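Take a look at the structure set out below.
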Amino acid sequence: MSSRCLDIPHSKSGSRPPKLVRSNSSLSFAKEAGISKRRHDLRHRRLNVATVPGTVARADGNLNPISPIVTLLIGQESRIFAAHENVLSASPFFKNVLDTQFSEGETKRILLPNEEPEIFSSVLEYLYKGDYHPRLVHDRRRDTWELEESAAAGRNGNGGREAPTIYHHSVDGEVLKDTVIYCAGEKYGLEELKRIALRKQGLQCGRVASTILTSARYAYANTPDTDSKLRAHYLALIIRGRNTFKRSGTMQLEMFHGGSDLFFDLFVALCNHVDDISVASSTQQNTQQSSCNEDGPQP
């Protein structure tokens, strides 16, 4: 099978053990949105929390009283993370868990065995800072967005860039990191995080066809049928790169195995694309014919 690259804009105390809450949601393998500039501007004018005792910064730019620490055990190896309860509560998912699964004064510990630690680290970074690495940078002069490390590389004359993929245990392979973060935003009810992740993914280029297909299947498996952003992004990506995908052994194998709505949606999108071209061509021909009739000899 061939792999082709596409250049397309990827407690030490003796007390009883704390209660463990396991998330009942698991990951299975089965037009870009705009993004608010307001959120990214917040980080430039946010107070330094180190100078404000007893407070912690929230992603919305407000300062809140320090709240209890929640311990989170992430991934198959139970990597330990810690976060303030009021910061986690910005997510409807975590707010529901914290409000309903623990009694008053109980030490709070949450298990998320199906989450990747690298992805959850980005989610926490977003909750505290309003973005995740590499950050989005807005070029006001050109009114465009770019990734922070790309902007720095351009200024320094080098092309160093963080890998845009991560290994995900649910697919046993590489998936585009921003796709997984978008799906995490869906799971945790963080709409702005989804918009940021989609914008960042649109800035990636030069991805291997097999990675795009694996990521597209992951996106379909971890978003609802009503999703009109990430799914549409992948359909457009594959259509634009159709000359590469139609020669891809991976594409042929993926379609043979099926098991996803991706390929029917792709068929419909391609049909619509052909219909749009046909309508445009027919309209142009009718316009030219009409013009010829008007300019022809008069009786």
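Using N, Cα and C of the backbone, Cβ positions are placed for all residues, glycine too.
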Check: Per TrEMBL, which of 1-22, 155-176 is region 'Disordered'?
Finding: 1-22
Margin query: Mean pLDDT across the domain 'BTB' (70-136), rounded to an integer, is what?
Written below: 94
